[in-house]
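Undergrad: Checked TrEMBL, it gives:
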DOMAIN    24-107  domain 'G-protein coupled receptors family 2 profile 1'
DOMAIN    124-374  domain 'G-protein coupled receptors family 2 profile 2'
TRANSMEM  126-149  transmembrane segment
TRANSMEM  161-182  transmembrane segment
TRANSMEM  212-230  transmembrane segment
TRANSMEM  237-257  transmembrane segment
TRANSMEM  277-297  transmembrane segment
TRANSMEM  325-346  transmembrane segment
TRANSMEM  352-373  transmembrane segment
Amino acid sequence: PPPKVRATHPDCSVVLYFQEQEAECLEIIRSESQTPAPPGSPAQQGCLTEWDGVSCWSAVPVGQSRAVTCPNIHVFKKSKVLIWRNCTESGWSFPSPPYYRACELEAIGSNNNTEAKASYFVTMKVLYTCGYSTSLAALFLAIGIFTCFRKLHCTRNSIHIHFFTSFVLRGAAVFIKDAILFSDESIDHCTMSTVNSKAAIAFFQYSVLANFYWLLVEGMYLQTLLLLTFTSDKRYIWWYILIGWGVPMLTVCVWVVTRLQYDNHGCWDDYSSQYWWVIKAPILLAIFVNFLIFLNVTRMLAEKIRSPDISKNYKQQYMRLTKSTLLLIPLFGVHYVVFALFPEHIGVDARLYFELVLGSYQGFLVSLLYCFLNGEVQAEIKRNWGKWQSSMESNVFNLATQDFTA
């Protein structure tokens, strides 16, 4: 069979270490119980193999001893002290010296530090919950505006709607993941391996990928408009949809199959596995291509603005259309590229702050730039608001006239 790869959070490595040691010991005990013991062997005249919760003690005859070292994990200081157990006629003796004396724990911080860390994560969760809630409200309102007003129906705004939807999925995925993985404190997250938890993580990874690829589509569409001098072709929309939704779907399917085949443990939320690159590499590719588009669009925009053949209205169109995308392309993914150069355990606090707290408000920022601050949208809202006010005034006048004539 293909080799299995284990990759876990450092906090969970202790739990999984003892689980693996226990499983190996129980397998030895099971094989010994199924194999007839020869006369005079420890299995007949001594102490059987035993798991005491920390170490596995191999079978020995009565009167002999067995020694083990402290568990070789990071929570214990390195020690050369041996722990002994004797095999007596009444069974195994107690470990000498006891584990708590022989195996000294590494300093993991005081209770105050632990409480401060717990408070930090609670504050972090409150902040990103508020951020995603604000973003979802703004995104739903922006999608409603682009959908309800007919004059705003165009290829550009259709792409914006898909981009907004990817943010909605990302926010929903965060809430779903929290509800499934962290809602019940009695559940051991280190050993949690359910279909629901894996599906929640897969959905979260898909929403993140779709987010980056619809940003890529925004950059590609802007570049296409500049190249074609604002001659948009609706046939391209299906290619954009294929890139924005199809590529992430294909990537996540490959990742899910790979995890099921080679690394199917836990709830798949670890980032130290080598198979994490199945997700990470396409994201970095999208950011890199977007950066190239950013440079190319900046060059083309400078050329067109300096060109005497371009009218003032077209120049204003270029500036209005590009300012949002040119701001978003470097804003999205810059921190991702920086953190990608370092291992996952480096700069965890900064990574969490950027990806959870600041990242939770990205949906609000996108809806603000593409919708609420869009002059075309503002003009359409004012026009419809004026029509509604005129209609209301007309209805009030008609009712008053009817009352007067009556």
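Cβ coordinates are placed from backbone N, Cα and C, and glycine is handled just like the others.
Any TrEMBL annotation is an automated prediction that lacks curation.
Quick one: how deep are these features, and who are their neighbours?
TA: If you look at the transmembrane segment (161-182), the same-chain residues 6 or more away from its ends with a CB under 8 A from one of its CBs are 125, 128-129, 132-133, 135-136, 139-140, 142-143, 146-147, 189, 192, 196-197, 200-201, 203-204, 206-208, 210-211, 214-215, 217-218, 240-241, 244-245, 267, 269, 360, 362-363, 366-367, 370.
Packing against the transmembrane segment (237-257) from elsewhere in the chain are residues 155, 158-159, 162-163, 166, 198, 202, 205-206, 209-210, 213-214, 216-217, 220-221, 275, 278-279, 282: each is 6 or more residues past its ends and has a CB under 8 Å from a CB in it.
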Undergrad: Counting by DSSP secondary structure, give me helix, strand and coil numbers for the domain 'G-protein coupled receptors family 2 profile 1' (24-107).
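TA: Its residues fall into 19 helix, 23 strand, 42 coil.
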